[in-house]
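Shown next, in structure tokens, is the structure this report addresses.
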């Protein structure tokens, strides 16, 4: 029976393998999708303009609120930009309640967000209540969901991702809902900029890094997405609508589905059971929200078909989303039977041998490795197709996978070398810590400057 189990795991590992040639095809396909998205709206890659035309230099100063609405948490921040790439920050963080983020009505989540902002203002800026509008606190709002952005302050939600489902908000300006929530509480706040977290990561990396050639910002967290700097003359859909030589573009690449990359049985089962089945396929291969669930479904299959754990299903394994990606992160610290047993001890598995434990490590590793290899595709595609080949280039990244998943960036770089050869050495990849907060403040500063004619 153990021999059959070993063969089953080997097949699973093979199913999650993407060879170099498949990745090269994906690089070409990604660029074709990018070009279509720059031509017109409504394409697979949204290629949404951020209405930010320049990157910060590191010299920027100012005090701003930032509100970060991500896939798991809500953060309210007060940020002081000190210049020289430095900043100070105060913040509070709250977990998004399930009853608010899966609700027909938008009111519960707006009430939740507005109430937390009110508590933050009462704690840190009580004297601001009742001040004239010209003294309101400027805020940058990070809204990390696919949206049609029509100005620096207007962003219309296209669809929910990361497990959220609030139908009333679809095709609506979410920031306007927030503004109404603030007004109902007489909060002294003015939203100056609405950005995506990838744009925040990009501008934060440009602000804090000593590198002068930052061109991408990428999120590898609950979901995945990227932003980059594009030349205005390469964006036909903005012809005559914007000034300046460049535009920051939020790509919304989580929606990509490469025809050249196959889906495993576990991918198909996972996708079927998500609120947005058939969509965000790339994100469901790479996002931290999904890797643990893919592993859980693999374990379920091994128990059911190959009698792993004596065919017994621990209650924690039968529930969807019960195995988080942090479990895989802990497993990847060391390939040893002892480590696997310790990490999976809460699931009460009965291992027949140390080898069986190592087989599970191999299965988990294959899922994470595929995610890292797929993550190299957009980087390689943009590097090759935007005139940067042969040049030093800097990429800012943020999110739980690059921070906490062992060797994720190493595996990404391995695939990058396969795709662009020695050029991989010219690409620096660095953490843009607090990109969603600092980036929102930087974009709010840019918006205020433009409003005053100072940009």
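Each residue, glycine too, has its Cβ placed from N, Cα and C.
Source: prediction; values computed, not measured.
According to Swiss-Prot, the protein carries these features:
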BINDING   68-73, 222, 288-289, 325-329, 400-404  ATP binding site
BINDING   144, 145, 161, 162, 196, 197, 225, 252, 283  substrate binding site
DOMAIN    3-445  domain 'Hexokinase'
REGION    57-195  region 'Hexokinase small subdomain'
REGION    196-434  region 'Hexokinase large subdomain'
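Structural mapping of features recorded in Swiss-Prot.
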residue : record                 : Cβ neighbours (10 Å)
68      : ATP binding site       : 25
71      : ATP binding site       : 21
144     : substrate binding site : 24
161     : substrate binding site : 26
196     : substrate binding site : 29
222     : ATP binding site       : 23
225     : substrate binding site : 32
325     : ATP binding site       : 25
401     : ATP binding site       : 27
404     : ATP binding site       : 14
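Shown in sequence order, 71, 146, 198, 219, 223, 254 are the same-chain residues outside 144, 145, 161, 162, 196, 197, 225, 252, 283 whose Cβ sits within 8 Å of the Cβ centre of the substrate site. Straight-line distance linking the Cα atoms of residue 225 (substrate binding site) and residue 325 (ATP binding site), rounded to a whole number, equals 18 Å. Predicted-model confidence for the region 'Hexokinase small subdomain' (57-195) is 96, expressed as mean pLDDT. The 10 Å shell around the Cβ of residue 328 (ATP binding site) contains 25 further Cβ atoms across the protein chains shown. Closest to residue 196 (substrate binding site) by Cα-Cα distance, out of the binding-site residues 325, 401, 404, is 401. Broken down by DSSP into helix, strand and coil, the region 'Hexokinase small subdomain' (57-195) contains 42 helix, 53 strand, 44 coil. Annotated pair residue 68 (ATP binding site) and residue 144 (substrate binding site), C-alpha to C-alpha distance, rounded: 8 Å.
Comparing residue 161 (substrate binding site) with residue 71 (ATP binding site), their Cα atoms are 8 Å apart once rounded. In the three-state DSSP reading, residue 222 (ATP binding site) counts as coil.
The binding-site residues close to residue 283 (substrate binding site), defined as a CA atom within 10 A of its CA, are 222 out of 222, 325, 328.
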